[in-house]
Amino acid sequence: MAGMLMIQGTSSDSGKSTVVGALCRIAARSGLRVAPFKPQNMSLNSAVTVDGGEIGRAQAWQALAAGIPPEVDMNPVLLKPNSDIGAQVIVHGRSTGNLDARAYHHYKPIARQAVLESFERLRAKSDLVLVEGAGSPAEVNLREGDIANMGFATAVGCPVVLVADIDRGGVFAQILGTLACLAEDERALVKGVVINKFRGDVSLLQPGIEWIEAQTGKPVLGVVPFVPNLWLDAEDALPKSRGSQPAPDDALRVVVPALPRISNHTDFDPLRAHPQVDLRFVRMGDPIPAADLVVLPGSKSVQCDLHSLRQGGWEPYLRKHLRYGGKLIGICGGLQMLGRELRDPLGIESDAGTTPGLGLLDFVTTLEPHKQLVNTAGSLLLGGEVPVRGYEIHMGVTEGPALSRPALRLRYGNDTRADGAVSGDGQILATYLHGVFDSPDACETLLRWAGKNDALRVDHDARRLASIETLADVVARHVRLDGLW
Ligand SMILES: NC(=O)CC[C@H](N)C(=O)O
């Protein structure tokens, strides 16, 4: 039977995903058949799997680190929040509908079954499964019926390593407190602790390490330094607008409204990392800076986000931006907002009804129960045919005259179909394709179209792969891994 190890965190964002990804790479380098697994994920950044389902993006890049294609069993339960209290529940890659938090609690026994089935399937074909927890196991109020942390670990007897984030402070309290919140049998599964995101002189940490080991009886297996500029898909939280380098003065100014239900904001990673782009995420209510290019992002709840956009004063801003010759892109939910109308007759995303769109492109979108989930490739139709690839995740179906000037041509099996639209004046481009900026030629073309005539060609996929290697090197150097699997 395959080995297993679970990485749990003392908090959200402690670095569980990166540690699991690094361990996947390290294990794969040593020739093991390793697979990532996250029983339950809450995220609006999802990826399309080879088996045509949907999982969290973090599991998809961890699969890349493991050297295998992403599949739905790697993240059997994905919760996509679409209101403050509810989420679309994806099980084995497929939407089962919306549930509020209380209803989900009752649904958990079914979700648990799905989790255990997926785990067994992965184990049967792997030498090692590396499991990622969610949030922290110290949420004692969520412990009953838990499938995300200790509920899973105890069900399958999986050893656990706890990752604590020293960057946010209070690391010893995090470790001590988390262990204190666990039951005896859960604590027994914890093999050790990793202190993550450390900056500074590790010798100064030594007395603290000895103290925490004496207090808890658990070894500190390593202190992982803070690694800047890792370009790995974020699980959920909106990242800082840029990496550590400031943008040059003549950078292309790109503004993205940080909508409350923004989805797949990983679309913007290549722009955040691009040396000639000054990308800004602007939260609703914050002043909107001048821009060369505005991109309306994907959204899990398009009518609600359009409402927020209007409340935030973006509608007159966008019209002015266009009057002054600015460029505008809409991706997926952003495409839908650009049209004349958004229709949700079945109340799939919000209360059933119709909302007028921004009316900048002549089409209407209707939300339908079938979810389009596909990885595809083709060409971007801007001054020629530029290779592009990406993925679609949406329930909306868009129709109207504006689509007769498509932005892309994409392959679906043996079929080729037009996608999206370019406005008659050439200022607005709309597409359903997520990940358009990941393709180096398409990214370069779009940046030139938006006004950066000397835009460089940057390969984001290569940068992601390089980040995985760096991360694996750092973790291998700083963590004692012997005996963990
Ligand atoms: N990814 C998206 O932006 C999805 C848009 C919209 N929520 C739909 O399902 O059609």
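Yeah, the Cβs are placed from backbone N, Cα and C, and that goes for glycine too.
Features as listed in TrEMBL:
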type	residues	note
DOMAIN	5-231	domain 'CobQ/CobB/MinD/ParA nucleotide binding'
DOMAIN	253-440	domain 'CobB/CobQ-like glutamine amidotransferase'
ACT_SITE	Cys332	active site, nucleophile
ACT_SITE	His434	active site
Under 8 Å by Cβ from the residue listed as 'active site', same chain, sequence gap 6 or more: Asn264, Asp267, Gly298, Ile331, Cys332, Gly390, Tyr391, Glu392, Ile393
Other CB atoms within 10 A, centred on the residue listed as 'active site, nucleophile': 27
Where Cys332 (active site, nucleophile) falls in three-state DSSP terms: coil
Secondary structure at His434 (active site), reduced by DSSP to three states: strand
